[in-house]
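Here's the feature list from Swiss-Prot:
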- 24, 27, 40, 43: Zn(2+) binding site (BINDING)
């Protein structure tokens, strides 16, 4: 989990639009963030397994 001061820092608008980047809304992770859900792959997997993401199911073929 990210420090509270860092979370507040990320929320502030950037001086230049180019400097903005996606972060996980739950843990603050920078890499592998799904834009559609706004969360990282780690949080996505955890929430999907708990059934907290509607319409998401485990693939089986």
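Please read every residue number as a count from 1 along the shown chain.
Backbone N, Cα and C atoms are what each Cβ position is placed from, and that goes for glycine too.
Given the structure is predicted, the values throughout are model-derived calculations rather than measurements.
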Starting from the Zn(2+) site formed by 24, 27, 40, 43, give every other residue of that chain whose CB sits within 8 Å of the mean position of their CB atoms, in sequence order.
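Sorted by sequence, the hits are 25, 26, 28, 29, 33, 39, 41, 42, 44.
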Using a 10 angstroms cut-off on Cβ to Cβ distances, just flag whichever of 24, 27, 40, 43 is the loneliest among these binding-site residues.
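Among the binding-site residues 24, 27, 40, 43, the lowest count of other Cβ atoms within 10 Å belongs to 27.
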